[in-house]
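Asker: If you scroll down you'll find the structure; I have some questions about it.
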Amino acid sequence: MAASTRALFLSCFHGSGGGGGTSEVSRRLVLRPRYPSMPRRPRSAAVAGEGGEGGGGGGDGDLEAAAVGAEEEEKVAVFEVSGMTCAACAGSVEKAVKRLQGIHDAAVDVLGGRAQVVFYPAFVSEEKIRETIQDVGFEAKLIDEEVKEKNILVCRLHIKGMTCTSCASTVESILQVVPGVQRASVALATEEAEIRYDRRIVTASQLTHAVEETGFEAILITTGDDQSRIDLKVDGTLNERSIMIVKSSVQALPGVEDIKVDPELHKITISYKPDQTGPRDLIEVIESAASGDLTVSIYPEADGRQQHRHGEIKRYRQSFLWSLVFTIPVFLTSMVFMYIPGLKDGLEKKVINMMSIGELLRWILSTPVQFVIGRRFYTGAYKALSHGSSNMDVLIALGTNTAYFYSVYSILRAASSHNYMATDFFETSSMLISFILLGKYLEILAKGKTSEAIAKLMDLAPETATMLIYDHEGNVVGEKEIDSRLIQKNDVIKVVPGGKVASDGFVIWGQSHVNESMITGESRPVAKRKGDTVIGGTVNENGVLHVRATFVGSESALAQIVRLVESAQMAKAPVQKFADQISRVFVPLVIILSLLTWLAWFLAGRLHGYPNSWIPSSMDSFQLALQFGISVMVIACPCALGLATPTAVMVATGVGASQGVLIKGGQALESAQKVDCIVFDKTGTLTIGKPVVVNTRLLKNMVLREFYAYVAAAEVNSEHPLGKAVVEHAKKFHSEESHVWTEARDFISVTGHGVKAKISGRAVMVGNKSFMLTSGIDIPVEALEILTEEEEKAQTAIIVAMDQEVVGIISVSDPIKPNAREVISYLKSMKVESIMVTGDNWGTANAISKEVGIENTVAEAKPEQKAEKVKELQSAGRTVAMVGDGINDSPALVSADVGLAIGAGTDVAIEAADIVLMKSNLEDVITAIDLSRKTFFRIRMNYVWALGYNIIGIPIAAGVLFPSTRFRLPPWVAGAAMAASSVSVVCWSLLLRYYKSPKLGR
């Protein structure tokens, strides 16, 4: 019955394609079948490469043509469907699902209660499929899914012109509705967008165009598929013929995926597979094809983001200085010269009826500030309003224009009247713009500091490298200095003392110590000799090294770290939603409050709600009310709220990276600061993860050198980790550098028990207790006592016998890390409970937990049981972090609120972990928790300041203190306060740059 059920289940998934037995169906299920039908796409969806840059055009035939060859690049979801009783039920479910757009295929198994759906996630979601099944009348639950993401890419855009959270929200919402976009995130602090998209539906250039249509300028940083891309500069004439020759020659090279030639910029962009070709090969082919007419070099590298940042700083500085040229005279004529008798008379001299020279002069001087220097605020306001949103620019434009145009109205009325005395606020609009420009200038300077960590990482790579040249016999015949970007895989690079390692690779000659602190955070130089790996960007301290390049360019560890930190700085913390929600209503609310403030004061003045003595001599009730209204409009600051979280996250992720703690974004930071329970794996986490010999007991009259010569000769052929540990230890007693051991004859290895061999005429056996007993060897009482003693200490005892007699016992252990006990103790002082979960036996587990000070231990746990323990703790209301090596701990790392992969080294792209600890140092666990807590303290203080500033500042600007103290906040002072609030938030976050990790023992 079971066999027939399985056959029916498999045949159900096989569909009606016919043919094939059960084994063929099984193979298809494992390999994800290629179904005969074409994927159906929405008719409105644009397909990349069809219909020009806009991506339009084409009917269903075009859409199907675009899908050819993409059948295997889909998402596969399996649903548990309950309630089906017959084939008709299965047929109705299958028919309903297949009717959805974006479904590749669907198969339903009525006996197993399963439905497998192959679909394109850009067009339909798992939730939509589940709802469709339920609409048919059955309960459905998603139980498994797999994505084949060859066509799913992530591109990054640098976006110019965003001034506040509202701008970022506008761009984000526009990107999220572009067909083919799965996810879009826009960060104001970094002025970048990260977009996950399906390249079959939309291109990176179309995404750039979508942003530019919102009124912002977008610069493509990376398309997601250009990890092996190079830009080459061409000196010489690029005509149609030479371009054709270059293209055909380059495309003939194995590994070349794409080539684009820009004759105007004299630039060639090539995408290639670094395993098959490299930049030097490409340059050589181009120059050879052009017969010497073209000279090719690496295109000057330029960081668009840094260039934009410097350009923005320069523009704001120039704008501010130019504004001062006009604003200072306006301020002097309205605030200072009016109190100097001689100057006052001259300024009050009438030129047209009641219009004075001073008023005319202020109008002339303030106009360039309002419309030329302040043009950026009009542009920003227009962009926001045209997309149905509002931002800080709207408030500034409204506030300054209200002051300016009322002043224009007032002096024009005076010019046409013989008795009207004008009152102008030209100094208000001019000084407002000047102070806001100053604030923006300081804010951009400060924001630039938040991304210094990435800039420093990128600067670690040396500009040049010394490449060794070999002859056909493998002898070094010369060396050549090349641009480090021209290094190809398998090149041999010479690294001199004090020089930087130019590429990831391994040492093929020489020995030295290398300072890796700038990459891993490891403070002590690491010894390197033949066979050891080195990391690009690290510093060689003493000896000369010859390094064979393995990972170059974007594949290097340094490039991976930079990408990870950049991605982390884009990821929003959940607490950021609070600021996003406020920003949606902030500006409209402030405008309403401003109007209500003006109306309340104006009506109170007209209805004699306050004494006339409250009104300054130079104003009337309307003008007093207007000043209060403008002050409310310009003091309100949504920018401080918008910058509170991302600036702190940016600095924290950069600081963490500099210490070898790679935090994957705001979500990880926010979860880590709540952790009150940490689950530790044992092997490789609390212990060093490598067995070492800790003790040797000789039971016969032998010297250690002779003893280990026999043992190593027997174990040298063993693949067991304990055998390797014994051989490594034996090298200490062996004088020959090559460590050539005596040849073993009649070698026999019994898996899990031991080895035996004939060495120099003696029968040598190395293994455990059972191996000796089954081999007929008597174990003396003294040896049995040692075995019991070692087991109690969680150490493995290896018995050595020669010629049927036990001659010694070797104790091997995976020792705990030197600071493990101190780390557990420190975590306890941080109110964090430590739990050990291991797959090892209870005896070893209890011994280790006792040694490090952990009270709660779970032993003999499989990987899935580790995850269950994490979930059990979470169900009890605990916030759980899991610390493991990222290999067999993946289920638990994923299940935990925060997964920390320790000892990752240069393998920083561990998907299961939220935080990657590059070193094997347990202190970094404390650093990760402590840094997250201090970061969120900063974030909370930022919010307290930003909210407190607005809650207190807006009422003061509205004149709440005026009745009792006659204190009022002039609009230009309110504007200065607004500018200062944003700067203060960024500066408060910048203090995280001076973070020092806790030191044990303090």
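In case you wondered, yes, glycine gets a Cβ from its N, Cα and C as well.
For Cys86, Cys89, the entry in Swiss-Prot reads Cu(+) 1 binding site. Marked as compositional bias 'Low complexity' by Swiss-Prot: 32-48. Annotated compositional bias 'Gly residues' per Swiss-Prot: 49-60, in sequence order. Under the heading domain 'HMA 1', Swiss-Prot lists 75-141. Residues or ranges marked as domain 'HMA 3' by Swiss-Prot on the basis of sequence analysis: 228-294. What Swiss-Prot records for 320-340, 354-374, 392-412, 425-445, 585-605, 624-644, 943-963, 972-992 is transmembrane segment.
Are these features on the surface or tucked inside, and what are their neighbours?
Answerer: Counting every protein chain shown, the Cβ of Cys89 (Cu(+) 1 binding site) has 17 other Cβ atoms within 10 Å.
When DSSP labels each residue, the domain 'HMA 3' (228-294) comes out as 23 helix, 20 strand, 24 coil, counted as helix, strand and coil in that order.
Remote same-chain residues near the transmembrane segment (354-374) are listed as 319, 322-323, 326-327, 329-330, 333-334, 337-338, 346-348, 396, 400-401, 404, 407-408, 411-412, 414-415, 417-422, 424, 426-427, 429-430, 433-434, 437 (criterion: CB distance under 8 Å, separation of at least six residues from the stretch ends).
Using a Cβ-Cβ cut-off under 8 Å and counting only residues 6 or more beyond its ends in the same chain, the transmembrane segment (392-412) has close neighbours at 163-164, 166, 355, 359-360, 362-363, 366, 370, 374, 376-381, 384-385, 422-426, 428-429, 432-433, 436, 587, 590-591, 594, 623, 626, 629-630, 633-634, 636-639, 971, 975.
Non-local neighbours of the transmembrane segment (585-605) in the same chain are 166, 390-392, 394-395, 398-399, 615, 620-622, 624-626, 628-630, 632-633, 636, 638, 641, 954, 957-959; each lies 6+ residues outside the stretch with a CB under 8 Å from one of its CB atoms.
Listed by sequence, the residues of this chain that lie at least six past the ends of the transmembrane segment (624-644) yet keep a Cβ under 8 A from its Cβ atoms are 163-166, 168, 188-189, 391-392, 395-396, 398-400, 402-403, 406, 425, 428, 432, 443, 447, 579, 582-583, 586-587, 590-591, 593-595, 597-602, 605, 614-616, 939, 942-943, 945-947, 949-950, 953-954, 956-959, 962, 968-971, 973-975, 977-978, 981-982, 984-986, 989.
Long-range neighbours of the transmembrane segment (943-963) within the same chain, counting only residues 6 or more positions beyond its ends whose Cβ lies under 8 Å from a Cβ of the stretch, are 578-579, 590, 593, 597, 601, 610, 614, 628, 631-632, 635-637, 640-641, 644, 969, 974, 977, 981, 984-985, 988.
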Asker: Checking distant contacts: for the transmembrane segment (425-445), what same-chain residues at least six beyond its ends satisfy Cβ-Cβ under 8 A?
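Answerer: That would be 163, 309, 312-313, 316-317, 319-320, 323-324, 326-327, 330-331, 334-335, 362-363, 365-366, 369-370, 373-374, 377, 396, 399-401, 403-404, 406-407, 623, 626-627, 630, 634, 639, 970-972, 975-976, 978-980, 982-983, 986.
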Asker: Would you kindly list the residues that approach the transmembrane segment (320-340) from elsewhere in its chain, counting only those six or more residues past its ends and only Cβ-Cβ distances under 8 Å?
Answerer: 347, 358, 361-362, 365-366, 368-369, 373, 424, 426-427, 430-431, 433-434, 437-438, 441
